[in-house]
Amino acid sequence: MKNYIEIVDVYARQILDSRCNPTVEVEVELEDGTVGVAAVPSGASTGAFEAVELRDGDKSKYLGKGVLKAVDNVNTIIADELVGMNVLDQVAIDKTMIELDGTDNKAKLGANAMLGVSLACAKAAANFLGMSLYQYIGGVNAKVLPVPMMNIINGGKHADNNVDLQEFMIMPAGAPSFSEALRMCSEVYHALKSTLKSQGYDTGVGDEGGFAPNLKSNEEAIIVIIEAIKKAGYTPGKDIFIALDPASSEIFEDGKYNLAGEGRVLTPEEMANYYVELAEKYPIISIEDGMAEEDWDGWKILTEKIGKKVQLVGDDLFVTNTERLAKGIKLGVANSILIKLNQIGTLTETLNAIEMAERAGYTAVVSHRSGETEDTTIADLVVAVNAGQIKTGAPARSERVAKYNQLLRIEEELNDMGEYRGLKAFYNINK
């Protein structure tokens, strides 16, 4: 088998994501005609320390959100350097782009430009070798199907309602397989829709396919989800668990947390106690961004209070960045990292963050963004690294369902070799 195959063309274009905003798509062609294509996602609530998503800023086109500058960077600066390189050397490709950019946060070329190229190269390499992407990235031991962390009620920046916390999710950790987990979530989703309708609530959906009703409180969202779980014939806390993403950086003002929908302003200590109360009342298995990205003291309080029994995921806190993750590990805050490819900008750096987390006993949850495309890379990535958990929205809206359908295909391909770990995926807590 050849271990060297040249890149002969790198080409980017502007396409639309699921939120009707432009994003970058990249094609990489090899000397034998093999092609790899990747599209880049985009977030609505973004961490302050994420790599830069390069936008044009021309208000007369796409309200300033065009990505033609990033596209041009791919078609000129990046292409000029990568053409002739070996597509099978992912580390060298990503290192070359990082050096070309020369900034700490990808501000020159744009993380959206670099990620599109990085992923398209990996896909082209996998296609050339005749391998599935998860096998190419993960090797012979890539086999773990993830527990879905499925967003079924949206609030915060993902919806136009009065719910402060951004995401209320279900996790079918009691399922025997991924396909059964997906079925369970689908049935709960339908049960939730009928439950909301019966209580007079709107069943319009948010960016990620979850319902976005004007509930009376954040706690009511949990209560109505538990009703739906039971209505679908499952047991909360045994078959299906609750996960939250408050996106607390979005409600952090002057050192306190503003739950405007409930008319409450809480100190970090009070916010931690708020989560403690919720975790004692309901089967909550995971809380993402429970504290703001720079509230390290609040994170420490929260971790000390419930970090042994609830997965505490750092998203804005860590932004898939090994430097921030290393700080968190040293301080003993959180016990899990959310992995978003476009927060850091290359596949290599993403894999480094996952490896660092797992070595420290932290779990890694591979995630979509609110602005998605039909690209299914994260489905392959989560299996490649045996992460065991994926967050990619409700079982509705085709850009979300595309990832779940790809996981069904992977499960089928792995057959008896595939493994669904369920509760064992939460090795960072006592469950």
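Cβ atoms are placed via backbone N, Cα and C, with glycine included.
Binding of (2R)-2-phosphoglycerate is attributed by Swiss-Prot to K340, R369, S370, K391, and within the candidate set Q166, Q199, Q406 the record adds Q166 to that site.
Between the candidates D239, D245, D254, Swiss-Prot assigns the Mg(2+) site shared with E288, D315 to D245. In the three-state DSSP scheme, R369 ((2R)-2-phosphoglycerate binding site) is classed as coil. Taking Cβ-Cβ distances under 8 Å and a sequence gap of 6 or more within the same chain, the neighbours of K340 ((2R)-2-phosphoglycerate binding site) are P41, G43, D315, V319, T320, S367, H368, R369. For the binding-site residues Q166, S370, counting C-beta atoms within 10 A of each C-beta gives the highest total at Q166. Neighbouring residues of the recorded Mg(2+) site, listed in sequence order and excluding D245, E288, D315, comprise Q166, E167, L244, P246, A247, I287, D289, V313, D316, L338, K391 (Cβ within 8 Å of the Cβ centroid). Looking only at the binding-site residues R369, K391, the densest Cβ neighbourhood within 10 Å occurs at K391. Nearest to D245 (Mg(2+) binding site) in space, judged by Cα atoms and limited to the recorded positions Q166, E208, S370, K391, is Q166. Cα-Cα distance from E208 (active site, proton donor) to S370 ((2R)-2-phosphoglycerate binding site): 6 Å (rounded to the nearest whole number).
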